[in-house]
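Worksheet for the structure shown next.
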Amino acid sequence: MGGNSGQAGGHIYKSLADDGPFDSVEPPKRPTSRLIMHSMAMFGREFCYAVEAAYVTPVLLSVGLPNSLYSIVWFLSPILGFLLQPVVGSASDHCRSRWGRRRPYILTLGVMMLVGMALYLNGDTVVAALIANPRRKLVWAVSVTMIGVVLFDFAADFIDGPIKAYLFDVCSHQDKEKGLHYHALFTGFGGALGYLSGAIDWAHLELGRLLGTEFQVMFFFSALVLTLCFIVHLCSISEAPLTDVAKGIPPQQTPQDPPLSSDGMYEYGSIEKVKNGYVNRELAMQGAKNKNHAEQTCREMTLKSLLRALVSMPSHYRYLCISHLIGWTAFLSNMLFFTDFMGQIVYGGDPYSAHNSTEFLIYERGVEVGCWGLCINSVFSSLYSYFQKFLVSYIGLKGLYFTGYLLFGLGTGFIGLFPNVYSTLVLCSLFGVMSSTLYTVPFNLITEYHREEEKERQQAPGRHPDNSVRGKGMDCATLTCMVQLAQILVGGGLGFLVNTAGSVVIVVITASAVALIGCCFVALFVRYVN
């Protein structure tokens, strides 16, 4: 659920894409096959995300996680993300690896995702084989599983930023739009396949008996899909090292593999503030002269810069961030506990009973059916994303935004008040409407705000001094950080609500109430450009 972000040094928020000598030069057109290969990372990431969403709560409960620690797992990772995401983004901007700026981070974070999955899906089995003392076994099983979940979430949230920046670095404007379309498409496909895999009763199949449990089966498929997808992704489009750009273009450089403009940065840019294009020797030397300035700016990138940007941005940006926070809080409240809700409330199972008991088997069946519901969510998210471009001409962005929140709020409320297997599965399609809305409409509004500001700067350039212009990357980073903040709120509050109410049904009711509050907010406070 992570995103890209970046920090500005001091009060300088100018994007590299806004000005500079590289404005009119773009890399060559990339073949569609290369863009599809690049999008495979999103397929693998979302597949693993779907497996985590479907299995992590049942895994944590099956190892004996106390209710008091139920939400701590969701609380740690977003805190780390909110604090460190800007640092990782800026480090990626200034990475001088011979393999490029983004791919070393993508590879490292991919390995961390793999290790995290290994720990939370296999931790209980490994600990049981190594430790005989029941008390020690419980402590170690819970600890290893929690570490695995936090590590996976941390890496999976962070990796989206370098992947997007990698695309922006090596593609022209038209290919960026096409590449983002393929990213969204394969994200939906990956999520659907991940939830579909989790919905299969592997325990009664030959593969399940061979590997031990359904958790080991899902780790096998997740590790295989993630590894293959990231190998294809990392080999999709070559990336020029940052050091080569600072030194100039070697004689063998060809237009098919353009180097990146890098040290020719006059202000700090986040991972989305990458300027594409060819660099001639004169401009590369100019960039080298600004190397010390770039390094000094990089040292000034802190969380304080992000908070300052949030406080000082115009009110309509701030209201958009608040609406995004409300939406993600509602959505995550429902999604993170949905399979557990299906197992406990809809099917009436008990995750705390013995693993060979009827109550636990009923709970597992509910979790499997919940995976089918999440698969329906992913499929409808992809379909709704496709139809949005037709709907926007009739109801506008305001109508899309309001409708997404309203349908989600009504659907989750009905599920919480009248838990039934078939009606719940049908209403899972409304989860997809909300998911698509959160991934598209706020960023469309950001684009409209930027377009409006650009027109104002062209009409009255003297009214916008250079040192006060925010960059697009900073605005997108601030909006994306609302996802981490929503995770913090969900992690810190839902465990208390569940303990107080004594039932996970309160989670679904809370998600409905928050979404309906969001309806009012997006209708009354969010600004829409005509």
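Note that Cβ sites are derived from N, Cα and C of the backbone, with glycine treated the same way.
Of the listed segments 49-70, 71-92, TrEMBL assigns transmembrane segment to 71-92. With a threshold of 8 Å between CB atoms, the same-chain residues lying at least 6 positions outside the transmembrane segment (424-447) that come near it are 184, 317, 320, 323-324, 327-328, 330-331, 334-335, 342, 346, 369, 372-374, 376-385, 388, 397, 400-401, 403-405, 407-408, 410-412, 414-415, 472, 475-476, 479, 515, 526, 528-529. Take the transmembrane segment (367-387) and the stretches 104-132, 138-159, 180-197, 217-237, 504-526: counting Cβ pairs under 8 Å, 180-197 has the most. Segment contact is absent for the transmembrane segment (217-237) and the transmembrane segment (476-498), given fewer than three CB pairs below 8 angstroms at sequence separation of 6 or more. At the 8 Å Cβ cutoff, the transmembrane segment (325-347) and the transmembrane segment (138-159) share fewer than 3 close pairs (sequence separation 6 or more) and do not count as touching.
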